[in-house]
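Novice: Take this structure, written in C-alpha cells, and hold onto it; I'll ask about it next.
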C-alpha cells in the first residue's frame, strides 16, 4: 500500500465544474494535443494506475499529481463507458490538430467549387468519426443514425456553401471568406440534433443534486443539445473569423504576393493558434452537469417529481459534448 489516500474522487474532474475557470482548466487538459504523442505502453501504464486505484490498490510512491495525470491520460484515450481504446483521430486530444488542418484548408481553398465541396466533406467525415468514437454507452448511436446524420450534415454544409458562394460573387472578397464558417454552422445545427435524435424522442435522465435519477426529460435534452450547438459554433468563430480578416490584409502585401505558397501554411497556423484557446474555452461555456428548473419540465414529469420530492426546485442532466 502506498502513502496516497484512497479518498480522492477520480470519477469527477479535478477542478470545480461549477465555475467557468474550473471547467476551462479541465478542458485545457482534456484537449491537450500532446496526449496524441504518448505511446501505447504509456497509455497502458496510465490505465493500470487508474484501474488499480479504483480497486483500492495504490502504486508505491504515487503522488496525487501523478494520479491525476494518469487519469487524464486514461480519459484522453479510452472510452469512459466501454473501456475500449478510441481511434487516434476520434480522441478529444485530436480536436485541435485535426480541426486546425481541416479548417485551415477550408479557408484556403474556398474559391473553387470542387475543393470547397471536398473540404466540407472531409470536415463532416471527421465529425462523424468523433461522434461515433465518443458515443454514449447508455444511448449508443446506431449505424443508421450515424449515416443519416452524416449524409444530412454533409448535404447541408455543401448546399449552404454553394448557395452562399453564388450570392457573394459580386460582394467584396472578404465576405466570400466567411462562406466556410456559415456552412460549418449550418452543418452543426443539422448534425448534432440528428446524432442525438433518440434523446429527443425518449428524453435524457434527470437527477437530483445527489445524483438520484428522477426520470427522463425531452425538454432537458433540447436544452442540452442547444448548449452543445452553441459551444460547437462558438469554437468555430475565432478560427474561422479572425484568420480570414488577417489573410485578406496580408494577401494584398508584396510579401505574400511574391510567396503565394506561404498562404496555406500561414492560414493553418493562424487557425491552430485560435483553436488552442477556443476549443477548451467553448467546451467550458456550459457546465457538463447542467441544471433546469422543475417548472420547465414536461407536465407529467413535473407532477411526478413534485409528488415524490416536493422540496426539489432544480434537477440536473448531462448535456453531452
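Just so it is clear, glycine is given a Cβ too, placed from its N, Cα and C backbone atoms.
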Novice: Would you please say which range out of 174-194, 195-215, 300-320 has the annotation transmembrane segment in Swiss-Prot?
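Specialist: Of the candidate stretches, Swiss-Prot labels 174-194 as transmembrane segment.
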Novice: For the transmembrane segment (225-245), I need the partner stretch with the highest count of C-beta pairs below 8 angstroms, choosing only from 146-164, 174-194, 266-286.
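Specialist: The listed stretch sharing the most Cβ pairs with the transmembrane segment (225-245) is 266-286.
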